[in-house]
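A.B. asks: Okay, these came from TrEMBL:
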| type | residues | note |
| --- | --- | --- |
| BINDING | Thr336, Gln379, Ile380, Glu381, Tyr419, Phe445 | L-phenylalanine binding site |
| BINDING | Glu421 | Mg(2+) binding site |
| DOMAIN | 242-494 | domain 'Aminoacyl-transfer RNA synthetases class-II family profile' |
Amino acid sequence: MRLPESQVAVLNAASATDEQTIEQLAEELGIKPETVTGAVFDLRDDGLVSVSETVEETVELTDEGEEYAEEGLPEVRLFRAALDVGDGDSIPMGQVIGASSLAGPQVDIALSNFARKGYGRIDSGELVPDADASPDGDEEAAALSALLDGESVDGDVLDQLESRNLVVRHESTIRSVLLTDEGVDALMMGVEAAETVSRLTPEMLTSGEWQDVEFTEYNVEADAPVVQGGKKHILRQTADRVKDVLVGMGFSEMEGPHADADFWINDCLFMPQDHPARTHWDRFALDVPPMEDIPEDLIERVRSAHLEGVGDDGDGYHSPWSEDFARAIALRGHTTSLSMRYLSGHEVGELEPPQRYFSVEKVYRNDTLDPTHLLEFYQIEGWVMAEDLSVRDLMGTFEEFYSHFGITDIQFKPHYNPYTEPSFELFGRHPETGELIEIGNSGMFREEVLRPLGVECDVMAWGLALERLLMLMYGFDDIRDVHGTLCDLDLLRETEVIR
Ligand code: PHE
């Protein structure tokens, strides 16, 4: 017969005639009592041993009990002192106490037990010892010294000692083990220790070997290294959520080049070519050939809008307009370039109102890096094309959009953009600092933008900063916490975007 190692050991150590306790077996075998207990129960389940249980009470002296067992109970010491200093009459208390060498709380203990146990009485500050009393018959004192010598003591006096906190009682179950007849037979036939394995294999299952082996126990409480798996960056997670929300609001997604012709980035937006934002220190110009693929008629209409304006009362900039300048390539400073491409019909053909489009894409600006500015960031671009739009539609759209992210305190401030009229900046309140922070820019596209594109109805549009939305959602106040070498890894690891 094959059995786990600990069971083999216990079986060999157990006797058919003399009961042994688990503690005795553990000591004899040099294994932990818990292990022996486990083995004994398994052996009993297999009928190889029998187990009998008795409940045993053990009594232990407390520190105080031990002290009194050695030096005498306080009341006894008081009585002896009273006999020493007096002649059986009443003696002033202070005198007896002084002679007793009792101190601190022991004085009170002595006094409160003195009369109870018949050693005398206490009368207006005087101690009157009882001449017939004798500490030799003190049951409590006798019990304490018996316990100190490891002898057992009768119940009533134990209750008294327990109430004085001089002893504590414990109950424990003592298990005694005897070999059964089957156990004796098994030993005669020979019992071997089974192999211990830590992994169950398919071979062990098919051969049936698993029945004879002992499996090592798992220590489920062992420390294990924390595994930080890869996960999507919270910015990406939030971008995905923004897309879901906008798709849910009926928008379609725009796509387009990160490096684009200035024509789409600025000229279509009625940005004068001498605008400060178009100078070399504000844009990331690329040293690549100019863009060829721009519809000629559109170029003509945009040039004309810049030079002469549109409509009867329109007025252009009258400054020179260079086609080469418009075809030069730079990294886009906003994704409104995509809106221009789509509104012009260049991407998906002529669009009939109503239409709703968005993108959540990267833009590039030659800004100075600080807690709220990055050189590249994500813009949530969007526009709605319809007949008769008003500023209320714009505000309502933002309120609906931001409410999906738990942001309800949105403020609007009049603003200026060369391409929208009216224009509004959007502000939201930072959850930690309470500060109003700018979260976007918006407006209704001007005639000078829409006419050359061939759009005849109203278009409201916006560019919102994804990183700023994140700041409002998660309360961090430095954008570099989520970006770049200074990023807060714990924040990135622990923040989950609720979908
Ligand atoms: N392009 C603007 C910006 O980057 C945002 C905007 C888009 C404003 C469309 C109005 C209309 O700030």
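The first residue you see is number 1, and the count goes up from there.
Heads up, the Cβ atoms here are built off N, Cα and C, so glycines get one too.
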A.B. asks: May I ask which of the binding-site residues Thr336, Ile380, Glu421, Phe445 have a CB within less than 6 Å of any atom of ligand 1, listed in sequence order?
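C.D. replies: Once distances to ligand 1 are taken from each Cβ, Thr336 fall under 6 Å.
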A.B. asks: List every residue in the same chain as Ile380 (L-phenylalanine binding site), at least 6 positions away in sequence, whose Cβ is under 8 Å from its Cβ.
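C.D. replies: Val242, Leu246, Phe358, Ser359, Val360, Gly440, Trp462, Gly463, Leu464, Ala465, Leu466, Leu469 - these are the non-local Cβ neighbours of Ile380 (L-phenylalanine binding site), listed in sequence order.
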A.B. asks: So what pLDDT does the domain 'Aminoacyl-transfer RNA synthetases class-II family profile' (242-494) average out to?
C.D. replies: 93
A.B. asks: Quick one, of the binding-site residues Tyr419, Phe445, which Cβ has the fewest other Cβ within 10 Å?
C.D. replies: Tyr419
A.B. asks: Based on Cβ atoms within 10 Å, give me the single least packed residue among the binding-site residues Glu381, Glu421.
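C.D. replies: Comparing Cβ neighbours within 10 Å for the binding-site residues Glu381, Glu421, Glu421 has the fewest.
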A.B. asks: Which ones in the same chain are close to Thr336 (L-phenylalanine binding site), with CB under 8 Å and 6+ residues apart in sequence?
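C.D. replies: The list for Thr336 (L-phenylalanine binding site) reads Ile265, Leu269, Glu381, Tyr419, Ala461, Gly463, given in order along the sequence.
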A.B. asks: Given the L-phenylalanine binding site residues Thr336, Gln379, Ile380, Glu381, Tyr419, Phe445 in the record, what is the largest Cα to Cα distance, rounded to whole Å?
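C.D. replies: Farthest-apart Cα atoms in Thr336, Gln379, Ile380, Glu381, Tyr419, Phe445 are separated by 18 Å.
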A.B. asks: In Å, rounded, how far does the Cα of Phe445 (L-phenylalanine binding site) sit from the Cα of the residue listed as 'Mg(2+) binding site'?
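C.D. replies: Taking the Cα atoms only, Phe445 (L-phenylalanine binding site) lies 6 Å from the residue listed as 'Mg(2+) binding site'.
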A.B. asks: Under 8 Å Cβ-Cβ from Gln379 (L-phenylalanine binding site), six or more apart in the same chain: what's there?
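C.D. replies: Listed in sequence order: His334, Thr335, Ser359, Val360, Glu361, Lys362, Val363, Gly463, Leu464, Ala465, Leu466.
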A.B. asks: What does DSSP assign Thr336 (L-phenylalanine binding site), in three states?
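C.D. replies: DSSP assigns Thr336 (L-phenylalanine binding site) to helix.
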